[in-house]
Amino acid sequence: MELDGFIYILVGSTFGLIVRMFIKYISGKKKIFYSNNILIVNVLASLFLGIFEGLNITNKNLILFIFVGFLGCFSTFSSFIYQLFNLIREKKYLILLIYYAEVILLSFLFFCLGYFITLTFIN
């Protein structure tokens with residue numbers, strides 16, 4: 001990868017981090033589901049991923065900026081896994097199953113929503 005590719009990833013990840021921290025800030029301590037900002041960020045990242053996939057982006061630098069940089073830094077898969085681990089450690093198995101299903105299903109549904117919205121209204 002050339003130096004400009006790293007720069008696209010760096011700039012994209014910077015914006016992804018800023019948006020993620022903004023969502024964390026505005027969500028505060030109010031829990032919408034089991035976990036507030038991690039669920040919100042993962043669902044939004046899935047929606048954005050669906051939208052961008054529907055746009056069929058082929059520009060290599062834009063792919064690095066959006067998919068690798070922005071969405072890679074914006075989404076919180078490692079935080080999701082850490083929360084699942086903590087639920088196992090705390091022996092909260094029912095909450096673990098509900099939270100797992102909630103994140104996976106909502107993320108998948110919002111990916112599909114973003115993809116089909118893009119196909120319907122933009123393409």
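Backbone N, Cα and C atoms are what each Cβ position is placed from, and that goes for glycine too.
Per Swiss-Prot, these features apply:
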TRANSMEM  3-23  transmembrane segment
TRANSMEM  38-58  transmembrane segment
TRANSMEM  62-82  transmembrane segment
BINDING   Gly72, Ser75  Na(+) binding site
TRANSMEM  94-114  transmembrane segment
Problem - Cβ neighbour count (within 10 Å, all chains shown) around Gly72 (Na(+) binding site) - result: 16
Fill in the blank from the handout: Long-range CB partners for the transmembrane segment (94-114) (under 8 A, at least six residues beyond its ends), listed in sequence order, are 33-35, 38-39, 42-54, 80, 83-84, 87-88
Exercise for the section: Around the Cβ of Ser75 (Na(+) binding site), how many other Cβ atoms lie within 10 Å? Please give the count over every shown protein chain. Expected result: 22
Problem - Collapsed DSSP category at Ser75 (Na(+) binding site) - result: coil
